[in-house]
Structures are given as structure tokens and as C-alpha cells.
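Engineer: Please see the structure below; I have some questions.
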Amino acid sequence: MTSMTPQEIVSELDKHIVGQSSAKRAVAIALRNRWRRQQVQGSLRQEITPKNILMIGPTGVGKTEIARRLAKLADAPFIKVEATKFTEVGYVGKDVDSIIRDLADMAVKQTRESEMKKVRARAEDAAEDRILDVLIPPPRGADGAEPAADGTTRQMFRKKLREGLLDDKDIEIDVTESRPHLEIMGPQGMEEMTEQLRSMFSQFGQDKRRTRKLKIAEAMKLLTDEEAGKLVNEEEIKTRALANAEQNGIVFIDEIDKVATRQETSGADVSRQGVQRDLLPLVEGTTVSTKYGMIKTDHILFIASGAFHLSRPSDLIPELQGRFPIRVELESLSVQDFEAILTQTHASLVKQYQALLATEDVTLAFVPQGITRLACIAFEVNERTENIGARRLSTVMERLLDEVSFDATRLSGQTVTIDEGYVDQRLQQLSLNEDLSRYIL
């Protein structure tokens, strides 16, 4: 679990997301509260439950990006799901309990990777020894003592191996054969039995070994992973992962507005209301069975988001509304925001296109007036057609640099200056013609 302060979390989010300070503050406080709760002693810790967040705002303003960046900062089991992918129990489709099962999978994967890193050095030493045993077989009939000459040769080869001088040489090694992935389709509600069957069948032939001819660099990676797997305790990993998912897990539910229905609608919307009712016990606290064991959801943080164009947060069932006490509204983006997205973010579109074309020795030089004009056109197109927020910049940039991208090999060694005139020449007519901008931009 991350111990970053709210200020540090917001500062990190600022590198990738422009504006939306209230949403950033809300998720930063929620994340910090997870750490604060862990510091509370005694029975009171169990009584402190997370305050779930509902983010409301139009498309393309940063809701999903906040979730993506939060996942990297959290250092905790994190999963992002689309509310529209789930159906009410009894209908064909995924049920909401699969959210927690997926979170458990993520927690186990994260814990295993963490444990593997701890034993990496020992695993690499063991892998080196196995490769050296193939390169320099021990003398037959040896009484266990290594002759001085062989020891010197072994150390010389170990040095070459570590310096990468042997990476391209071929070697034959015995490795554990990877288990084939077995997919078993089971009826809804029988997921636990399906997992047990899959686990049982996957045990067959799991210890088979076969000889493979590989480059030493590939063999080193394969053997290191194999040796690391021997050094970690799988049962301990599962136990710690379940506890981590229960205490620190974060679930981000996108498109929650798509399962909110207006009162006058009917028909297929019955299933949508059913999804809300099925989500309710998860959010307020229940126990879900996974292949690793039972997970209690009482302390899992839920963050939901939606544009709410055709519905309102009040169209969610009242019980679910009450489970998301913190509501933050994200604002539509202005021209200045578009400019900041293009110039100030850590991996802005400008930097991405410059890096892509630099691979063909083409230098893209964006002048401030050109970027301002580009931001204005993106904003105007959003105003006149559908407002898709910052995603409009990707469309406009692709159109702007279409010619340069196509002729990059011919322009090798040249500098292309993107100024106001260049932007107008390629985009002004399209942006002024509403029909063209609707279909092209």
C-alpha cells in the first residue's frame, strides 16, 4: 500500500491530467485514508470503512485516466471494469461477483511478482549455476572437491555470462514444460466448481521436463523464472494476496450511468436495475467465493464514474446512491486546458509524435502559436459537433500530421515547423465545414 501524502498523489496526477482538481483531491484523500486506517490500532480499524466515490463528468475529461494513473500509484490490488459488461443473475453474461474474483487474481499476481523480486538475486545465481553445469560439466568420478583449474574456468565463464558475452550462443537445457491453458465453460453460478475442475486437470503432466535448444540469454530468463518459482511459497502468496485484496483493494467501475435508468423506461432496463441490485451487496459488504478462498468486500474501495448524459445520479437506485457518499463533478475542458494537455503533460501527444517521427530522422518543431491554434480548432469542433473532450485532440493531431507521417521517409533529415499557418492550411476548411468535421475530425 502506498504511503504517499495527498499532496504527492495530486502532484503525480498533475503530470498526466490537466485540471479536475476536485476529483484528484477526492481520490488522493481516499487513497491516503487507506494508509491511515492501517495505522489505527485495535477493533476500531474494522469499523472504519472506505468512503466510495462517484465521479460525474462528460466523456474525455479525465475520469478513466485518473483511474489508470491511480492504479500505478496505489501499489495495491486494483481493477477497472465496465458496468455495461455485467448482467443481472439469471441473464446471459458476466455476474458482478466476477469483479471480486478478478480482483483476487490481480492480487495474487501482484503478490507473486513482489515475492519473485525478493528472491531474484538467488534465482539468478541458481540459473547461472545450471547454465555453467551445461557449459562446463563437472568431471566424472569427482569426489565433490572441485579442481582448482576447473574452478578458475568456471569463474571465467561466469564473468563472461554476467557481462553478456555469451548471450548469443546456443545451449541445450532441461526445463519444466509449461502447462497448457485449459478453458472449461461452466453454467452461471457454478464458477467455483469450474475453477476446481480447471485446477484438477491442469495438474496432469505439470512436472514433465523436456530439453530445449535456446540462446543463453533466453535460457537465463527461463531458468531464473523457474528457480524463483521454486523459492516462493505459493500458499503463503495466496493467503497474503487475499488479505491485501480485502484490506487495500480498489475497484473502479466505469460507465455506471449506462445501468442507471429513468423511471419511465421499461423492458430491457429490468436487467440494468438488476445489475444495480447485484452491485449493492458488493459495495456495502459481502463475502465472495474465489478459487483462492473467501473475500470480504467490506473494506474494498469502490470508485464509480459516468457521463450521465441521458440519466442523472438520482436515477440510480437509492440504496446504491447512498453507498457513494463522495461525489465529484469533472468540468468540461477549455481551450487553455487543451493547450496544457498538448504542452504540459508528461507524455503529451506532441512529445509522442515527435518521438515517433524522430525514428525516421524527421524533426517536428511545434511553435506556441501553432499549438494555440490547434487547441482552438479542437475546442471549436467539440462545440459544434459531439463534445468528446481531450479525445478530439488525437483526431485533430492525426489529421494535421497525416501528410508528414506518410512522407516521413522522403522528409528524412528535415525539420517540419508546425505554426499557425501550417495548422490553418490543413485544418481550417475542415473545421469550418460542419459536415466534414463531423465525419473526419
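Glycine is no exception: its Cβ is also placed from the backbone N, Cα and C atoms.
Below, the features straight out of Swiss-Prot:
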- VAL18, GLY60, VAL61, GLY62, LYS63, THR64, GLU65, ASP254, GLU319, ARG391: ATP binding site (BINDING)
Engineer: By Cβ count within 10 Å, point out the most packed of the binding-site residues listed: VAL18, VAL61.
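Structural biologist: Its Cβ has the most other Cβ atoms within 10 Å: VAL61.
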Engineer: List every residue in the same chain as GLU319 (ATP binding site), at least 6 positions away in sequence, whose Cβ is under 8 Å from its Cβ.
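Structural biologist: Counting only residues 6 or more apart in sequence, the Cβ neighbours of GLU319 (ATP binding site) under 8 Å are LEU280, GLU284.
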Engineer: So how many other Cβ atoms are close to LYS63 (ATP binding site), meaning within 10 Å of its Cβ?
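Structural biologist: For LYS63 (ATP binding site), the 10 Å Cβ neighbour count is 26.
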Engineer: For GLU319 (ATP binding site), which of the three DSSP-derived states applies: helix, strand, or coil?
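Structural biologist: DSSP assigns GLU319 (ATP binding site) to helix.
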Engineer: Looking only at VAL18, GLY60, VAL61, GLY62, LYS63, THR64, GLU65, ASP254, GLU319, ARG391, which the record lists for ATP, tell me the maximum pairwise CA distance in angstrom.
Structural biologist: 34
Engineer: Helix, strand or coil at VAL61 (ATP binding site), per DSSP?
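Structural biologist: In three-state terms, VAL61 (ATP binding site) counts as coil.
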Engineer: GLU65 (ATP binding site) has how many other Cβ neighbours within 10 Å of its own Cβ?
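Structural biologist: GLU65 (ATP binding site): 17 neighbouring Cβ atoms within 10 Å.
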Engineer: DSSP secondary structure for VAL18 (ATP binding site), reduced to helix/strand/coil, please.
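Structural biologist: In the DSSP reduction, VAL18 (ATP binding site) maps to coil.
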